[in-house]
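S.K.: My structure is below; once you've seen it, I'll send some questions.
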């Protein structure tokens, strides 16, 4: 029995009871071991207030368990039923436009509603009591995709009331708040906490510290809501892992803090929809139309792996075209398998397909499943079956070693730079992603970690645009002994969104004694030319004017002589967002300085290592040649487009490993 | 006396009484026989509640009738006066944002308001009683441009109340509704009809069946409102045709059903504004800037002709630049005449210019008329005079034969595909239009018909993307004996917006045994290459993955081997939206299979036949040569740009006619 | 002591009292003579209702005055404190969407609120009483940037009530209003003034005369609010100039009328932010990224100079990157000096930098100051110091002669053409700017004046698209003896936004007997080709169809023979917006006809004359050569990029001067 397993999402309430048993049987035949159920079934569990109907669910579980499937049971709080909304209309969230959002889809609740906090706890307790000890129930999911459809922030009276309490707790006195925010500016001073509203609907932009605190508050409300349910479930179903399914690159709340209350951080992987809806330009979206971007999925794997106590899961894996992006292309044949294996290679314990069968009605009827609505296997089903058979080829247990490279990802920096971008297209996540992508194109394995993570054992730590850095963080970075790479705007703000008294990079000057005395943002049709290591490049979006100490090396300058890339002691500093090649070159040099081997991979080829194995994934058009002395576990030695190969290398000396001898060839 | 006549729209209340008589006289001199009046004159008919003032209107009618003009009298319900709104504020419609729309322009009423239903009936009865028997009143117009300015859908309490009743009538029980819609998805189940709101303001998209039913309901409300007025007018003015002036390619309600209560379906033709506001890309809009698209106007003619009991009318004909499009260019000289003749050639009984004279004040002061505000004839007046003189050259009666080609246009499919486009730019009307345009560029006459139409006598029936097809429709198509062409997504949904249990094309599989097991939408910067009959082409927007029975012919494939165009028995199936040349080639082959002659026309040249005559219209830059053996009725034998020629062909063997011998040359 | 002086904006309340004295001292050392304070300090002046705290402000003034600085004291009414809003929530303005705008930034008040009118008067009186006689207080600023953040128009109940009164005053009877507006159109007739609402939220566009009157009303409310404060300040602080700081090219109220109540019209100059946010296309924004457009700043100088009784001021001068544009680049070194000198050259009495030091907190923390947040001088400080030293080189008094060229700028025309653009990108200000730019590129000095200005002494008067012209205006133009240039749409509307009974150009036909019987607007990807004086050009956006009297000369025609540029007697008429070269050529010919010398300047080079001196400004990349016989006051004889030179010419015969002999070379 492998530690790796496949799962599926299933909705017995949406299908005739007559086919439940056959469904369960076919799941098992496909190699599926785990099934998630019931996360949207509240109206069937409790059709009227206080009148519960568990009989159908008992029977469904019986069918699934009878086929040998393990069950991931859910609390159904993402979809409160109409009768609850009608009884307590203030459960509904309120938008930034002041309009109350309506019943009729999902996630129509305000995290700050006391009525909903109570009702959600009540139904969670009912489900946990009923099924907490059921032998087939192997894990629990709390709610579903917190924050989806812009539901973290609500502007209701309940939210404002709780925000005032949150502020009172944080600042103690209103004088302290006025001082911290700087409300003297524009006579925005408050006399009591009760004078403070949500930072919305103002004549021009609301106060940035006010906005940042509102986002922190809203994030804390998600933490509070999740924790309440986790505690109820643990009380009634101890020993079973509690999971939440996060979303890809979603950042409206602090995922590290929610995950801290869970056993397993899971995420829902939709590579094609994700590509279409993200910041990529149109040519990039066309380039990776049917595969997804080669670094998008693994970025999420590496992020959620870092915040999960047990091996992370992909709770929902795209099995074919979806319905919710602006355009919804079909994956190329082979990609469902590729994505599945990429998850395992990056440390997943489970890959669970969404969904067993395409449902012919309601909002998601155009979302593919493993089976078509007429109950024929779709392409994804065949690829899942192949994955199941390949799992058997691998060792039962794959221990994941710590990577040598860490990238620090910080939700608060995202919020802060959204609030104060200075140029409207400044995108924190894009910076983090482009640094990650450069590292991955060099064949390196990367851990994505929080600023509170231990940095022990890392040789290279990359910190993209982390606006707020604490003294402690700087100290720990310095003590790590690692090579450090910083993006622009790192250390540019204090905890209350002010400019540090010593100017950016603020506390980071302890390691990197720069003085960034001016910044500018640049419109898209402007760019700055530069040279890095003898090759021409360009800088975009942003430029910093930096006083550089004489002891530091300026690796690249703008045409006016200003520093673009600086190296000082163990630190590299990037003062802009550069073209792909320049970013890669800086990361290459930092990795080499860290003693790490790099390998310049062809476009779309990516490597991952786990338990001494190397996994090759090919999103592109070229072919990757496995070293001739390697031992193949499965796949071809010439890894073609949309193919996966796993091999055991003959020896050490791999990219991402500490170099023993000479540097590998890399451009 | 010809069956064809010219009319004009006139607003005596907007001009000094002193010039009414001269206006009437000059209308007659220009060749105008009919004048529409009073559709916005409520505040002059009833200046205060219950206080009617007919004297001015009596005198206006006297002047017009005295000059020999026939009068189209209107009910003035498109513009309720301020006193009525102040007395019943709930008459105002409510937008999707929940905001009540304000008085101060027009169409500020909710079709579901019981107060307005009563008030509209009352004023309609007053007008009908007063003028129903007037000898000069030859026809009636109900209201004006139903639905203009997004007024079909309202989200008021009145609308929701009536929607609940509508649902109760449709589904009988709430259980049946829950079952039909599939509300078990996301716990959206209802316990009573009174729990159901309008499908708006939800956190993410509202339930698609809920949305489709709300649009059906709203369409039915328009039908109900129109029928109420039609019945009142017929009661007081029997024997005179009742008309409504529809809008160009407007589709927010089911025009067939409204038209079923009328005698004449009229429409308002603004070729240049229509071009600017439609889906065409910028180069296309520049190409036809001053002529309109060569198929846009005739598409409307052919559509409204099909739903009109008597010959349809153009109630408002653009006479020069308009005011309401984003940009408002001037027509080229000759185009007002061309548009007028195109209407008659397609079966119009009347072409009525909007308006007699440009009004110097209020919202439409920049809208040209036949006369300038300083009362000089504008270009359009001269062209109208020419049309009047040319009418005299034609036979008095022009009987319109049934065409050999039908295109099925379906409002419900438009709504459904708007609700669930799957790719954000999927546009049902564009598909219908491009198929129509391909047919017209081959010299074919086309009837646009509803799915309930009789298909007797058609040789070729084209069905673009009709999402819901009934068994009866399929049966009638099959029995027609015609060649059939289907666009993608035909038969892809059931009546409650679900996927058919046998997958698309659903009931159509009775004729065309395909299984469309997957679809995808494509972003604009992606296209699929293909070959059709040896020529390269491209597919856009959409692609279907089709299981094709062995007995069918695959006429074109995508690079991965999937079928793009399929022919089976009498059916052609198009699985995407193709480039113009490929679409034309498929239509050409279908027409030939139907035994129809085709003629590949130069860009912008179009032909129409009526009563054995051929009308040539030239929107383009080339010259069309009339066959040397033809008899010219008017116009040149070499039909230059912006010119019209009418001839009687020497013999049969024309495009669109059944071939007697060999196929005509066509590319 | 020069008449020219430098100032700075300073916020003692935002900084520790301990550094006030050093700040004041350093200001003086830099050459700054004047400091503006307190315009956002209400919450510190009156922390709670009726409880005033002047002590801190007394001390701040003492420090500043003690260093020899003159003080511009402000009324703090741009930022009412929270306690006032909570006591009178109806102070908050209401947006076009009907939503009340919230507290939390600035300008959160409705000009029509009676509560705020009273409260603003009360605080203004308090400040004026306290500091009106202070010897260091040399001037007063009323409020701050009236209208910023779209606050001129409010749709509150208070506003509507006052609007009704305003209408009653304007029209006398409701019958007169109905007649003037033409409300008979669409039955929009009113029976009483109380039936009239704000022209917002209507189903389609509201009545244009209604909209225009609402904008006039709103403009009058700003006049009333400003005047109230001016009178209070004058009462308590007689003899000191009263100032308001207007914004660059802002046009939501009639600045001439507000300025008529002031002593000094000041404006806030942000050349880079202004470029980014204005109508310029992306290449133009990239071209002038770090300098601003060479005519943008001077356009504002020439506009505000014309409405200021005393020499106008730049109250806020951009000193580095700002924070509020979509992108915020840094100025090139030298530009802060260049902008400062350009202001003086155009007649400014004072240039005041915003702000002394970049503040590290709140909304504007990313806005540069003369000093960085860590209190080091920024680039702007050095350039200000240089300007101060250069002032000393010039004569103490610089009398500004009247220019020979006037451009008539009219706010009402802007509103009218916004309301009825006919093509969505018709932009009145762009027309005015492009004409101005053409004149400036010919080396001409230009006065921008109101339609009420005296035209005595002008040789060339340019009137861009002034929609409403009065008989009196036409008479005065005719009597001026000047050459006249008119843009399209001049005279196209009456005072109630109707078309003149004789068609456009309405009353202007007294000078220019044209009949513009048709107009059209053109989408961006269409243009009309033409020739002007043998050179090809293009027309954009707009075209007029013009009956030209035989005695007039048609200088340019469209391909269809229609007139594009007409000359008749002293008048030139432009019937479209032309390419840059054609516009310049027409202006060149008009200037020559006026007997003015012109000089074709290189891209980005601009000249200004004051008191017999010529100032050269170089925004571009070329070098301007000062005539060899000139006397340099400062700067180089070869004026390089971003440089300024001032010289005294050897003789007359300069561009913009009346020609004595032959025409200068100009293309």
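Start at 1 and count along the chain as shown; that gives each residue its number.
In case you wondered, yes, glycine gets a Cβ from its N, Cα and C as well.
Remember, predicted model here, so these are calculated numbers, not experimental data.
Below, the features straight out of TrEMBL:
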ACT_SITE  C:145  active site, proton donor
ACT_SITE  C:316  active site, nucleophile
BINDING   C:106, C:144, C:324  substrate binding site
DOMAIN    C:9-392  domain 'Glycoside hydrolase family 42 N-terminal'
DOMAIN    C:404-596  domain 'Beta-galactosidase trimerisation'
S.K.: Could you list the residues of the same chain, at least six apart in sequence, whose Cβ is under 8 A from the Cβ of residue C:316 (active site, nucleophile)?
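M.R.: Long-range Cβ contacts: C:9, C:245, C:268, C:269, C:270, C:352, C:353, C:354, C:355.
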S.K.: Could you tell me which of these recorded positions, C:106, C:145, C:324, has the fewest other Cβ atoms within 10 Å of its Cβ?
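M.R.: Minimum Cβ neighbour count within 10 Å, taken over the recorded positions C:106, C:145, C:324, occurs at C:324.
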S.K.: Near chain A: which of the recorded positions C:106, C:144, C:145, C:316 have their Cβ closer than 8 Å to one of its Cβ atoms?
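M.R.: Checking chain A against the recorded positions, the residues within range (Cβ-Cβ under 8 Å) are C:106.
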S.K.: Work out the three-state DSSP category of residue C:316 (active site, nucleophile).
M.R.: strand
S.K.: I'd like the Cβ neighbour count for residue C:144 (substrate binding site), meaning other Cβ atoms within 10 Å of its Cβ, all protein chains included.
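M.R.: For residue C:144 (substrate binding site), the 10 Å Cβ neighbour count is 24.
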S.K.: Please state how far apart, in Å and to a whole number, the two most distant Cα atoms are among C:106, C:144, C:324, the recorded substrate-binding residues.
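M.R.: Taking every pair among C:106, C:144, C:324, the longest Cα gap is 16 Å.
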S.K.: What is the average pLDDT across the domain 'Glycoside hydrolase family 42 N-terminal' (C:9-392)?
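M.R.: Summarising the domain 'Glycoside hydrolase family 42 N-terminal' (C:9-392) by its mean pLDDT gives 98.
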S.K.: What is the interatomic distance between the Cα atoms of residue C:324 (substrate binding site) and residue C:145 (active site, proton donor), given in whole Å?
M.R.: 15
S.K.: Whole-number Å distance between the CA of residue C:106 (substrate binding site) and the CA of residue C:145 (active site, proton donor)?
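M.R.: One finds 11 Å between the Cα atoms of these residues.
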